[in-house]
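A.B. asks: Below are the features I grabbed from Swiss-Prot:
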ACT_SITE  Ser2  active site
BINDING   Gly165, Cys168, Thr171  Na(+) binding site
Amino acid sequence: MSSFHATTIFAVQHNGKSAMAGDGQVTFGQAVVMKHTARKVRKLFNGKVIAGFAGSVADAFTLFEMFEAKLEEYNGNLQRAAVELAKEWRSDKVLRKLEAMLIVMNADSMLLVSGTGEVIEPDDGILAIGSGGNYALAAGRALKRHAGSQLDAKAIARASLETAGEICVYTNDQIIVEELE
């Protein structure tokens, strides 16, 4: 799968709270910023689940809708909804061409969902995707490791995205953070 430009999504669970942050930049091709304030992180299922996407915007909206339908079908069971979405995404000839990745989380767990059928739960309660994902991941791991009670999940998520935005040209400082307690 090619690298996705135009976004960074970061999710963290820390001290009993969960937060996900995403920047607002949408890049057309490799040279033009089309939008600065896109909302790529959203609460779903009556505010009990947060989902964030990296990749093609139209593809991601399709996946958001499909994932939300799976959440409803499986009564909010995050793992089951994610696995069923990944199975359908991977096996359907049309859906297989969608170019996006999702991070989904509730108060208890978080998962990376991809079109190649992967559903991955991290060992350390941190996930990041998109063009600035590795920068945000490194910053987030350092912050979480040394934060103790001085930083909450929301602060770690915001600071990780800010760091990625300072390094990655496809990530801006128009950050949206959603939090679960």
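Cβ coordinates come from backbone N, Cα and C, glycine included.
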A.B. asks: Which residues, sitting 6 or more apart from Thr171 (Na(+) binding site) on the same chain, put a CB under 8 Å from its CB?
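C.D. replies: Non-local contacts for Thr171 (Na(+) binding site): Thr7, Thr8, Asp23, Gln25, Gly130, Ser131, Gly132, Tyr135, Leu161, Ala164, Gly165.
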A.B. asks: Quick one: which residues besides Gly165, Cys168, Thr171 have a Cβ within 8 Å of the Na(+) site's Cβ centroid, in sequence order?
C.D. replies: Thr8, Asp23, Gln25, Ser131, Gly132, Tyr135, Ala136, Leu161, Ala164, Glu166, Ile167, Val169, Tyr170, Asn172, Asp173
A.B. asks: Compile a sequence-ordered list of residues in the same chain as Cys168 (Na(+) binding site), six or more apart from it, whose Cβ lies below 8 A from its Cβ; state 'none' when nothing qualifies.
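C.D. replies: Same-chain residues close to Cys168 (Na(+) binding site) (Cβ under 8 Å, separated by 6 or more) are Thr8, Ser131, Gly132, Tyr135.
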A.B. asks: Inside 10 Å of the Cβ of Gly165 (Na(+) binding site), count up the other Cβ atoms and send me the figure.
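C.D. replies: Step by step: centre on the Cβ of Gly165 (Na(+) binding site), count other Cβ atoms within 10 Å, giving 21.
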A.B. asks: Using DSSP and collapsing to three states, where does Thr171 (Na(+) binding site) fall: helix, strand or coil?
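C.D. replies: Its secondary structure by DSSP: coil.
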